[in-house]
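Here Swiss-Prot flags 1-21 as signal peptide, drawing on sequence analysis. What Swiss-Prot records for 22-709 is topological domain 'Extracellular'. Residues or ranges marked as domain 'PSI' by Swiss-Prot on the basis of sequence analysis: 22-71. Taken from Swiss-Prot, the feature disulfide bond applies to 23-41, 197-204, 394-406, 426-452, 456-476, 502-517, 539-560, 544-558, 565-574, 576-599, 604-614, 633-645 (among others). Residues or ranges marked as N-linked glycosylation site by Swiss-Prot: 48, 97, 260, 387, 418, 463, 471, 541, 575. Marked as domain 'VWFA' by Swiss-Prot: 131-371. Annotation comment: Swiss-Prot describes 140, 142, 144, 240 as Mg(2+) binding site. Positions annotated as domain 'I-EGF 3' by Swiss-Prot: 539-575. Look at Swiss-Prot and you will find 576-615 tagged as domain 'I-EGF 4'.
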């Protein structure tokens, strides 16, 4: 049962040659060469497994080798292997001794990789409770930070009190920085070298690069005392030399006092940007930063004016290497710059610092809690040429591909990571890589070595009798011949080593470049695409032309580079059918009589003809209508000469056959309207000579002649009726008008009013007239008195 399951496993591994690119390509003559072709390939070391000189057949997929008869025990198919060397369980709860804390599992393993095969490992990380914390406070002491210095004079006590709630083992240290003490970053007059603030006037310390002032200690009062004694300094340009200070604080492990089993926090406090990389070339400093500790006996950075500022890449390497987590506490104006830095530096966070550093305590506590809520893996070591991919399984339990970071974790939660490793090719060297959580001292060490050799290579029969009386060494089922011999069993000597007999013509490659010349005969290579054959391996069954991506259009067989078409197909690609069925139009005529059938498609020859069967042709004559003159002549009863009808039919390209006995397999049914409005029907067929013959001429549905008397009577009656109707209408209109006038008169008469006492026509007999010259007596008197 176990053997059957193992066989099934190999069958699953053995994929199709055409899909994977093939194994038996004829180029693998040894087991090791076979394994290098691809992870799908295996080697059969069984003796006498292949035909004479068919060494390439030993290299194939496991399934194909089993099918060829190779026993399972002789199949060389190494797979990737994982050996866990150290796997201590993760720590749970508080640990009395920090050296006993285990935060990653496993701790070391050996990985053997078959090139092209992936191997997945599971790594678990759990942050332990009450983990020791080392905090180094790195402060910018340029003149603009004077008020901040006064604010943090009691920071040590307050910070220790707050951190005691999170860990019982807390230490803190202090360092400061300003700028490289060299022009153009500082003024160089003697007065300003001694006191950079002399122009204010105010006393401040000479410009310095970095000073390590207080090693890490649990004495908070000592921290407060050191801070109270600090003095500010000054420089010219706005960017400071903070990255110099970060580098020294990270790499000077002994001087700073970083512990191996603790969380290393570096709090960087500044209100300005920092120089980095080649900025120091402004001062003529061109020696790159070496990333080493250069603190002198006074704990000052001694190479400040000699080495360049570190680059971002150098900072990342040293911070990760020394497990230092960086907390940028910067003012609002600088937050955007340092957020960009933090995106590049693993484990770095950014907090907004108030103008006087009044919120520094809360900023540090918040940053610490944020760092403890995240678990991120970092890869170190020799990873060149190694393919690594990560899948994170955080507290939700849902796998997240291409992610090596878990956020919103609680202390004590376990974060799992599936790490998939693969080698693209076989490199004859082992490599050492490290997977570690950012900021933690724990790490997983992995020794990666390639698995490119076969177990059968360990058993070698030197000068074996299996190789023609000792003419070679027997290994992995084949003979490795001594110089001057060749062949499957080293049976060919120097006299048969000539390849001229294996060449099709002088100057041509041996066996056409597709086979091996063994003892004067070609043994063709095996190909995943088909068979190679011929005395010179000059033929194959897969190099013919393709039609629509298919060899010989899938309608023929390829023989020595030429398509041999199956029945019903022709053409160079076997893409041309000999059937004319697709070319027959609905009327049963090939290409509607307007084209030729080529490869099952109509090629229209008549101008204007189109369509799959040339059925559309606006400019072509109607085959039915073109026979009109012939048909009408045949049906005419006016005594036209029969010879004249024959001539008209000849002009129309047709003859009339009155016999009813004709083939009705294919015909065209026509219908025309004649001059006398009759419907004429007839059939068109083609005789053996291809000429048109007219059959079954019928005339039907002829209209009857008109009845003239009835038409005249109807017209007369219609005229009479119209006259009567018009008279009636006139009479109605006149009557309506008269009635309207009478009504109007009656209305006016009813409105008239006459006086009843006097006849308006009567005149009296007496008339009275007035003399206009007569004046009354009194009026004359008045007029006279007025004049006087």
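Quick reminder: no glycine exception, Cβ is built from N, Cα and C everywhere.
Closest in space to residue 142 (Mg(2+) binding site), of the recorded positions given as 387, 394, 517, 576, 604, is 394, taking the CA atom of each residue. Using residue 463 (N-linked glycosylation site) as the reference Cα, a 10 A cut-off selects none from the recorded positions 140, 406, 456, 574. When secondary structure is read from DSSP and collapsed to three states, residue 558 (disulfide bond) falls in the strand class. In terms of C-alpha distance, the listed recorded positions 97, 406, 576 place 576 closest to residue 517 (disulfide bond). Counting neighbouring Cβ atoms within 10 Å of each of the recorded positions (97, 142), the lowest count belongs to 97. Summary: among the glycosylation sites (48, 418, 541), the fewest other C-beta atoms within 10 A of the C-beta are counted at 48. With the fewest other C-beta atoms within 10 Å around its C-beta, 599 stands out among the disulfide-bonded residues 23, 394, 599, 614, 633.
Summary for the disulfide-bonded residues 406, 558, 645: the Cβ-based neighbour count within 10 Å is maximal at 406. Sequence-distant contacts (6 or more apart, same chain, Cβ under 8 Å) of residue 502 (disulfide bond) comprise 510, 511, 515, 517, 520, 521, 522, 536. Taking DSSP states H, G and I as helix and E and B as strand, the domain 'I-EGF 4' (576-615) has 6 helix, 13 strand, 21 coil. Taking the mean position of the Cβ atoms of 140, 142, 144, 240 as the Mg(2+) site, the remaining residues of that chain whose Cβ falls within 8 Å of it are 141, 143, 145, 178, 179, 235, 270, 271, 272. Ranked by Cβ neighbours within 10 A across all protein chains shown, the disulfide-bonded residues 41, 452, 456, 476 are led by 41.
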